[in-house]
Amino acid sequence: MLSDKSDGCCSTHLIDGDGVFNVAGVENFIKEVKLADCGLSYAIVSIMGPQSSGKSTLLNHLFGTNFREMDAYKGRSQTTKGIWMARCVGIEPCTLVMDLEGTDGRERGEDDTTFEKQSALFALAVSDIVLINMWCHDIGREQAANKPLLKTVFQVMMRLFSPRKTTLMFVIRDKTRTPLENLEPVLREDIQKIWDSVPKPQAHEETPLSEFFNVEVVALSSYEEKEEQFKEQVASLRQQFFHSIAPGGLAGDRRGVVPASGFSFSAQHMWEVIKENRDLDLPAHKVMVATVRCEEIAHEKYDSFTANEGWCQLKEAVQSHPVGGFGKKLSSILNTCLSEYDAEATFFDEGVRSTKRKQLEEKLLQLVQPAYQSMLGRIRSDTLERFKEAFDKELKGGIGFAMAAHECTVSFMSQFDEECADAVIDQAKWDSSRVRDKLKRDIDAHIAEIRTAKLAEVTTLYETKLNDALAGPVEGLLDGAADDTWPAIRKLLQRETDSALAGFSASLSGFEMDEQTRENMVLRLKDYARGVVEVKAKEEAGRVLIRMKDRFSMLFSYDSDSMPRVWTGKENIRAITKTARSASLKLLSVMAAIRLEDERDSIENTLAVALSDGGASTKKGIASLDPLASSTWNEVSASKTLITPIQCKSLWKQFNTETEYIVTQAIAAQEASRRNNNWLPPPWAVVALLILGFNEFMTLLRNPLYLGVIFVAFLLVKALWVQLDISGEFRNGALPGLLSLSTKFLPTVTNLLRRLAEAGQRKVNNEPQHNPTPASKSFHGTIASSEVTSENRGE
């Protein structure tokens, strides 16, 4: 028996190649590593796997051991015989690692795998963590992946030993481009199948795999091709073995741990039990040979298929566009590959041959399935795009929405089915229904989206029509508020709503919706029309004070012919004011509430009693409550109230205040007009003048020359009267008139004389020189005076 202590690593040959347990060597090893002092704080790690798979190399890099490694330049050969044990360098707690002899070695031959099963069972019975070393390309295989070995070991272990919690870590060597997340499920599924197929004692018939085993999977790059990357990954994996028995560690939930001082005896006893068990005999030689050879042939055909030019072209083409005849082309390539396998494996055991062929077919189908799914995905997306274009074209052509949706859906689903049938692979029984359902959902979603948009478009169209048809007329009706305002609004609303609903219902008929949905949409449009009126009424109610003042101003300042009033003193301002305010009060009563139902209310009477007489009842001292001292109207709900009673009272008060100035101005203008029109003396004064001035009158009749002088004087005074606008100046009072005339009198007289002089000079220059008669002089003077007066009026 050998022992090695070089490089700080202590190792021993635990079991030799003949199955002899090295009792003395193990005792010395335990003393050297001081295992007895560890109590329960130690861990056992073992590794199993095919011969020449790099187990020893992995352990040496992972744990700092010095197990003998294969010399690659001398070819594949057995380097580890039996089971070796060593202490891991630099890992706490104390961790021992066992390097098992490789399985499937040519040195032991095809008929003797008993030691392989014995060593594997021993490793599972003793170890806390078992590393299963395997090549990446062996995943899915039977022998290379140790499936029969694990099945036998699980079965015997359940019968011979009380199962303990063990961590199985599958170490995938020389990983390819296939992601680990795709490989791990395969391994876990295989282990679960092995566990499910193992006969178990009655006590553990329903016990899950997780009760006895934790399954972990890691992948490492090729040591020969990517040495640096391999070392980095191993260094990362090494960290997981620190404090491996702590909670959460690789072996944190282990059970039934043997104290370190009893490890040697326990391991020796387990090996003896395993050696005496006969359930670990080998299968028949013929089956073993068929298994190995058929597996090799299947592996060769798989590699041949992956390198096939036709397959590579198909796989690349489906990434960008659908490929015509995809199913036939791929089925032909698969059939060629399987036929070649059948030709080469025809002389081996039929059962093994069929099993391996099925496995090869499954692997090939697993390889091509992503391309098939990509093909279906391309067909689906291409069909969906063509459907969208055709559907849009049909809608623009004026066809009904529901009919267009149905025809396009049936047509393009049929096209999808035809293209999927063209992509079917004969060797596979794959169902394209999920992709078909996805396409149907996408089409339905697109139809629903367009349907929603079209319905929204139709709804918006008729809402706009209703808004245009109602907003302006309602505003005009409310502006001219009268007793028939709300009946007219109700009639307008009914007429426009019926017209819009008729067109809207006709537009909805093309969508083939259920009656309830249609009724709901019609009801919403009807409510919208009502809402337009209500919103407009609320807007006008917010401007009611302006409307009231405008109406008052129109009725007060303009007559029935819409001509501005001239306050001459004959108008009854009180009556005009009362009429204008009554009309404004009518406007307020109309705007106080929304009356879209033919229901009567007492708002107008209440406002008339409370406001039209300026609160006469209150002035008379009647002990009654103010009818406007409330925030609600009788017989009118709050939702229909636009202006509350208290707000009406406040608005009326503000209205009276702001219109009082217009009335005052009218009264002042009327008084001024009266004063201006009373410039003649009273009748008694005229009679007195006639009696007392009789002599003067007779004198004027006897001497007509005086009449000419008086006439000229009259013309001059009349010209001054017009020029100075004496009646206008005294309109605002006597004192302001006198002050204004005092400043204008002299300039006006001077201007008048200058014009007379200019007129006389033009007359002299235009006529021949002669001596006119006195009568002519008088006549011409009169004309000149008239011209001056005329010119002054023109200015």
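Cβ from N, Cα, C; glycine included.
The topological domain 'Cytoplasmic' annotation in TrEMBL covers 1-680 (among others).
TrEMBL lists Gly49, Pro50, Gln51, Ser52, Ser53, Gly54, Lys55, Ser56 with the feature GTP binding site.
Under the heading transmembrane segment, TrEMBL lists 705-722.
The topological domain 'Cytoplasmic' feature in TrEMBL is assigned to 726-795 (among others).
As annotated by TrEMBL, region 'Disordered' applies to 761-795.
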- Task: Tally every other Cβ atom lying within 10 Å of the Cβ atom of Gly49 (GTP binding site).
- Result: 26
- By a simple count, how many Cβ atoms lie within 10 Å of the Cβ of Gly54 (GTP binding site), its own Cβ left out? 25
- Task: Report, as a single number, how many Cβ atoms besides its own are within 10 Å of the Cβ of Pro50 (GTP binding site).
- Result: 20
- Local confidence of the prediction over the topological domain 'Cytoplasmic' (1-680), expressed as mean pLDDT: 82
